[in-house]
Amino acid sequence: MARSPKTSDEDRPGSRNIGALRALWPFIAPYRGIMTLAISALVFTACVSLVLPLAVRRVVDNFEVDAGMLLDRYFAAALVIAGLLALGTAARYYLVTRLGERVVTDIRKALFGRMVGMSPAFYERIMTGEVLSRITTDTTLILSVIGSSASIALRNLLILIGGLALLMLTSAKLTGLVLLIVPAIIVPIVVLGRRLRVLSRENQDWIAASSGNASETLLSVQTVQAYSHEARSKERFDEITEKSFVAARERIGTRAVMTAIVIFLIFAGIVGVLWIGARDVNAREMSIGALVQFVIYAVMVAGSVGALTEIWGELQRAAGATERLVELLNAEDSLREPSAPRPVPEARGEIVFDDVSFSYPSRPDVSALDHVSVTIAPGETVALVGPSGAGKTTMIQLLLRFWDPKTGRVTLDGTDLRDMARSDFRCRMALVPQDPVIFADTARENIRFGRPDATDAEVEAAAHAAAAHEFLMALPDGYDSQVGERGVMLSGGQKQRIAIARAILRDAPVLLLDEATSALDAESERLVQRAVDRLATGRTTLIVAHRLATVKKADRILVFEAGRIVAQGSHDALVAEGGLYARLARLQFTDGMIEAAE
Ligand code: ADP
């Protein structure tokens, strides 16, 4: 079933209005200079527009009295005003739009920077596609606010206030009548506006949910197709996407109703006031010029109120989006960096698990590791074996500090991982995951990922050592061939050798290897094995082992069962013991059959 996004207002106290937009201030503050200029341009154009009707009145009232010089001067002045208005508007547009783009670029960068460092616990709660949607579509809404809506709002507010003041000067009596209508206009704006914000957030949440769903499906499109699951996947996507449409439709409907009510009230008011004004002119209590001036101001004021209601809707939308972005930006990482990180000691590669217990937050009742204590000497090669789900991968994950142990501690060369900066101790480790990760880039850059400052010669030396040089040279552009998204152009064994070359290049004292379970052909297997052997030499190596050949070569074997180390020792000793290991050796290892047949 589609996950229902959280949209209720109740779980977010204190965020019921556009106050959420305040959170954008830290991003705008650095550009205060540009903002001041933009606001100046804006105030200037608003003032000029307000002055214009005064000139019109003069022209109208003096039309018959003195047609000569004065009239020419008024028209010349009008031309100058038009020029100033044009310049001011262009300046405002440039400054404000630029500011919006700048701020949104900064927000996107900040968001990505935050997201790329979040620990796995965070990504258990949110889909990556959802995060992407926040970074792209939610920020677009904010762009519309900073890049236009806010300035239009300010401009209209100025016109509203200035217009009302000038109306008052023109005819206090008529203005008083106009003001009677104002409360009637504000009530629907406020009431419907609140509803708009909730609907807008709901709309954005469904869009994010549909992106999450789409990216998950498309990332595994081959499996989807192999199981002829396209129709079902499409149905699910359609369902979620339709929900975002329904939320959008409701939002648009609400806004349309709001606009209708407001426009009708405004114009009904103007018509009523004009009717009274026309009678005053008839009775010679008011000049025609004054009435014309009044009408122009009244239309300006009415227009600004109309624009403000529209923008109120926009601001509500952006407030909804901002809320979610701020949640992401402020998301607490469950792994804290130490405030004063200790320097990573001289690298030897000694690893200690000291009475470590751990369970995943999503399954707190299952102990993934249960009081594990083990010391691994520098340079030692240790094979982790045991049935699936026994805790082998978890041990590797704790060693990389993707999670913190619930009790006990993990140390590298005598220092608790929690006391060092993550990036500091992680650069002492090289990971070769079971399913090697290849990026959509050239083969060369994929290897260089291990150490970004490596020279081409070093990259090639690593590829040689990983037995990857030959097949890389056979690619159309050699090392500079693009390998496709997630390395689609490479075979499983080739991807593994690139991952190994990457780890060789990293040249870290600790090597973490999750052996591939997929059966490679004998030749690839031999090449990969040779590369691994070369890589492991002289380094502390932890291998989640699936092959008998690997465990036999290890200095020590740790046998895991249900989160505990139940036995350890050499292959021969453990077989002689005849426990779980002997059974595994017979049944589990992928090359066990061959071995047994030999
Ligand atoms: P192994 O690598 O030995 O196959 P793992 O270390 O992956 O085993 O898993 C140990 C236990 O933790 C298993 O019970 C597994 O179901 C559970 N587990 C692994 N990863 C997660 C996770 N991200 N969330 C919840 N439980 C997990």
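Counting starts with 1 at the first residue shown.
The backbone N, Cα and C atoms fix where each Cβ goes, and this holds for glycine too.
Residues or ranges marked as domain 'ABC transmembrane type-1' in TrEMBL: 37-317.
The domain 'ABC transporter' annotation in TrEMBL covers 351-587.
Under the heading transmembrane segment, TrEMBL lists 34-54 (among others).
The transmembrane segment annotation in TrEMBL covers 74-95 (among others). Note on the transmembrane segment (74-95): residues 34, 37-38, 41-42, 44-45, 48-49, 51-52, 55, 58-59, 62, 151, 155 of its chain, located 6 or more positions outside it, place their CB under 8 angstroms from a CB of the stretch.
Annotation source TrEMBL lists transmembrane segment at 141-168 (among others). Non-local neighbours of the transmembrane segment (141-168) in the same chain are 21, 24, 28, 38-39, 42-43, 45-47, 49-50, 53-54, 92, 96-97, 99-101, 103-104, 107, 174-175, 178-179, 204, 294, 297-298, 300-301, 303-305, 307-308, 311, 314-315, 317-318, 320-322, 325; each lies 6+ residues outside the stretch with a CB under 8 Å from one of its CB atoms.
For 174-193 (among others), the entry in TrEMBL reads transmembrane segment.
If you look up TrEMBL, you'll see 256-276 (among others) marked as transmembrane segment.
Under the heading transmembrane segment, TrEMBL lists 288-308 (among others). Through the fold, the transmembrane segment (288-308) approaches residues 49-50, 52-54, 56-58, 60-61, 152-153, 156-157, 159-160, 163-164, 166-167, 170-171, 174, 178, 185, 189, 259, 262-263, 266-267, 269-270, 273-274, 277-278, 280-281 of its own chain, all at least 6 residues removed from its boundaries and within a Cβ separation under 8 Å.
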The transmembrane segment (256-276) touching the transmembrane segment (174-193) per 3+ Cβ pairs under 8 Å rule: yes
Sequence-remote partners of the transmembrane segment (34-54) [C-beta within less than 8 Å, at least six residues beyond its ends]: 28, 78, 81, 84-85, 88-89, 91-92, 95-96, 98-99, 102, 151, 154-155, 158-159, 162-163, 166, 292-293, 296-297, 300
